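Under the heading coiled coil, Swiss-Prot lists 512-635. Look at Swiss-Prot and you will find N484 tagged as N-linked glycosylation site. Summarising the annotation, Swiss-Prot assigns region 'Disordered' to 517-635. According to Swiss-Prot, the feature topological domain 'Cytoplasmic' maps to 1-6, an assignment based on sequence analysis. Under the heading topological domain 'Extracellular', Swiss-Prot lists 28-635, citing sequence analysis as support. Marked as transmembrane segment by Swiss-Prot on the basis of sequence analysis: 7-27.
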Amino acid sequence: MRTRLNFLLLCIASVLSVIWIGVLLTWNDNNLGGISLNGGKDSAYDDLLSLGSFNDMEVDSYVTNIYDNAPVLGCTDLSYHGLLKVTPKHDLACDLEFIRAQILDIDVYSAIKDLEDKALTVKQKVEKHWFTFYGSSVFLPEHDVHYLVRRVIFSAEGKANSPVTSIIVAQIYDKNWNELNGHFLDILNPNTGKVQHNTFPQVLPIATNFVKGKKFRGAEDPRVVLRKGRFGPDPLVMFNSLTQDNKRRRIFTISPFDQFKTVMYDIKDYEMPRYEKNWVPFFLKDNQEAVHFVYSFNPLRVLKCSLDDGSCDIVFEIPKVDSMSSELRGATPMINLPQAIPMAKDKEIWVSFPRTRIANCGCSRTTYRPMLMLFVREGSNFFVELLSTSLDFGLEVLPYSGNGLPCSADHSVLIPNSIDNWEVVDSNGDDILTLSFSEADKSTSVIHIRGLYNYLSELDGYQGPEAEDEHNFQRILSDLHFDNKTTVNNFIKVQSCALDAAKGYCKEYGLTRGEAERRRRVAEERKKKEKEEEEKKKKKEKEEEEKKRIEEEKKKIEEKERKEKEKEEAERKKLQEMKKKLEEITEKLEKGQRNKEIDPKEKQREEEERKERVRKIAEKQRKEAEKKEAEKKGK
């Protein structure tokens, strides 16, 4: 019996060993960052026809001039024009009723029930109180699913911009972006190798100080970035949230595949502002044990942070350039190129989509749009090699509010959230990139971009006679050309050109979508504001005059009371003096009485006179007291 049992255990161990070896063999660097080169079962695009039709999208970019012997160049010299193809957007479904039920089952959020309108049905409660946007995703080829995290907010007022709390929820979608509700994944813990059972949708267990009646609690702006753990993929969810004292907003990551390990990041020897956001995460291929962040673009500051304790060092910094705009605000997590290509030693290149925030341009007070960026590391140096102008992927961007037309609101918001996947799909080198994004703080959608790698590989920069060599993509890959002063000047010029082009884009966007109407609306709002300011000014003047009148009246009353008090004090002193004098006379008379005999009749007369004087004084005091009392009652 024991022999048979041992044989059975040996067989089971052998099978598990084979499975484990298979897992280790199938996990490779080509899958890192949601990027697969296999094109087979690991591909996110088994059926290219399911992606829909691709439409042309012209893209203008600006490339740094790396050659010192070239002349001072203008934006036209640095520009590169190419063509991409893009699909229509695909809006991602989200069963908010299902997610709401999950959230309310958690003790810390159960109090939300009391803030909902109790007269409504569940469907009506969801429509009024619950909102979702900012979905960020990565493709997991090991599981054939897209892993997406999104922000879900609850508003007692029924306004998305006035949340009571903000919650991050993880979902999975199949290759065709169908939501998988109630599904589960058996996941290998990326650091221990133990199997972890995860059911989706999944409310990420992020600590929050939910206080009934308070607002803006919880995690915001989720972004997911994929790293390679020792035993498999480890999607890290980055977010910002208030600290436990509710006084500071900091950057955190949580690892859903590693027992929800959560880390808060802190920069050593650096005074961090009260509110932190817009950090851009990326990983070095040869160092997956630390996460890097682009902390800001001006100054260009790069951090290296521990995934264990969150301590960060500033590993690269170019001082702030006052003449350079700071309109680049955050970006998607950065990923490497989709295939291994020859590159200079100790050099690495990432692609990302930062966003611009441009004020008072086109048909909106604020316009947010993505750009394309090529970010480069040479040794310990980092810099931006390429920036495009604004991209809208051919969309009529949803209005933030208003009547539904593109220029009917004060804000035009198209935010890139993450690069879900980027892979070469055929032997001809054709590539597809999937980007998740949000519009107007309302939606989560994806589009598919075809030919981005080819766009970059065909890149040509300045080729004038003064240039030693043409600045093409091959040169970017093979040369080490970082020079502190030159690189700073190059980045200033490229960013200036790209932002000028972005401003030109939003002006054109407004002209073709109702700029005249916007100007009329702005003029009306300006007049309304001026009228309100004038009324406010008049009201303030009237209030000041009334305040002055009250102060003067108060002073008069105080002066009258002061004089009356002085008069009363004088009369009191006078009475005290009379009383004292009377006491002296009485004492004198008593002494005289003791010193000599007085006729009884004379004594009686003097006593009567004394009593009469005392009576008159008392009567006078009584009348004066009655008079004062009457005057007080009259007041």
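Glycine is no exception: its Cβ is also placed from the backbone N, Cα and C atoms.
In this view, N484 (N-linked glycosylation site) is surrounded by 10 other Cβ atoms within 10 Å of its Cβ, with every protein chain counted.
Applying DSSP to the region 'Disordered' (517-635) sorts its residues as follows: 114 helix, 0 strand, 5 coil. The average pLDDT computed for the topological domain 'Cytoplasmic' (1-6) is 45.
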